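Step one of this worksheet: look at the structure below.
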């Protein structure tokens, strides 16, 4: 009976204080140069928890000897103390390892929280409407607004006609054309049809330059006529610079007399 109790006691001692944690065996197994650092922790600034566990083991052994005949299933206070001690050691080691692996996260933990949670004010608003609606047509009697009509005239000019629509009226009120267009002389080229340059017979030009008597000239012919003041008296041909010395028209053979433009007369 006494031999069985002694065997159980030695087993409990081995479980509570295994031989791998014995300081004397560690000192004997390690060389003398490494003896001061045998019981140190991984980090030198952190206090080791092994002395606390060793004290708990020494205090738990007499208690186990007195309570040998206790219930086998009920945990003893010594095992609870050792369990809490081992938990503390494991938690401390995991904290130190995480700090060593990720030092930036431990220095500024608030940055990760702020970056993970974005405020609602920074959310993008959708460009398109959630419920898109079709615009009202001009024929709809509920339409109220201004309609602009763009028309390109034969003289390459742009005419914009605004139309004001009032609600409840099917008819629309149109403004008259521009005063310059309305007051155009009936004998001008606009009344006869599309404008045509009297010199080169073109109908397209970026800018019309009329002569002093209202004869339509294109941009190039108008600049030459304004600069040199020379044209054919019969067919209105404005000669080019290379034909200036000749006094005969290349189209009809008439003489090209210099005609003073209004700027040259001044």
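The backbone N, Cα and C atoms fix where each Cβ goes, and this holds for glycine too.
What you see is a predicted model, and the numbers here were worked out from it, not measured in a lab.
Among the ranges 58-81, 82-105, 106-129, 130-153, the stretch that Swiss-Prot annotates as region 'Disordered' is 106-129. Segment annotation: Swiss-Prot labels region 'Disordered' over residues 1-31 (candidates 1-31, 218-248). Feature zinc finger, per Swiss-Prot, maps to range 197-221 of the set 172-196, 197-221. On the 0 to 100 pLDDT scale, the zinc finger (197-221) averages 89 in this prediction.
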